[in-house]
Amino acid sequence: MADFYYLPGSSPCRSVIMTAKAVGVELNKKLLNLQAGDQLKPEFVKINPQHTVPTLVDNGFALWESRAIQVYLVEKYGKTDSLYPKCPKKRAVINQRLYFDMGTLYQSFANYYYPQVFAKAPADPEAFKKIEAAFEFLNTFLEGQEYAAGDSLTVADIALVASVSTFEVAGFEISKYANVNRWYENAKKVTPGWEENWAGCLEFKKYFE
């Protein structure tokens, strides 16, 4: 069984948990207390020099960065390739969505909310505009689409649903974006591990209360 170093409230950690559920892999979950500095202990830094979560250790093979872990789990354990198809064009669209999630959507969350939550900084209206722009892009991607990349659930949907659900608990109005809202409501029903994802979101919500 693979060791999984994580934090329940973390969106990237939740995307890995849902992906593992989708491919039927059980994770040996190891909770890290980042506020206590667990990630800086020498034994963890030896596993992951970047000392970040999530980190997976599968039979001695260590990997971090959630989207890399998602792809690894599907390629190694998926009974089919439906979550990350081998077709170059399908895979390219999934990769684009994953990079969009990492560099634009989730990044906009971090840039706007993290300074407020962790540094008690005032809200930055310019950073909020970046969130709105990211949701407009996602709304466009989802025009006429039930899924984020193609016609079935993929790792792109799983990564995006982890991010979008985090925006929901932060109080962002997802309903303003009709295509995103429709996709999100469906994703809640069809994404394996949604319940655990939502429990993690509620854990994270405490920072906003």
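Including glycine, each Cβ sits where the backbone N, Cα and C put it.
On a predicted model such as this, the values are computed, not experimentally measured, just so you know.
Record check: Swiss-Prot places His51, Thr52, Val53, Glu65, Ser66, Arg67 at the glutathione site, and the matching candidate among Ser10, Ser82, Ser108 is Ser10. Shown are the binding-site residues Thr52, Ser66; of these, the residue with the fewest other Cβ atoms within 10 Å is Thr52. DSSP assignment over the domain 'GST C-terminal' (87-209) gives 95 helix, 0 strand, 28 coil.
Residues Ser10, His51, Thr52, Val53, Glu65, Ser66, Arg67 are recorded as binding glutathione; their most distant pair of Cα atoms lies 16 Å apart.
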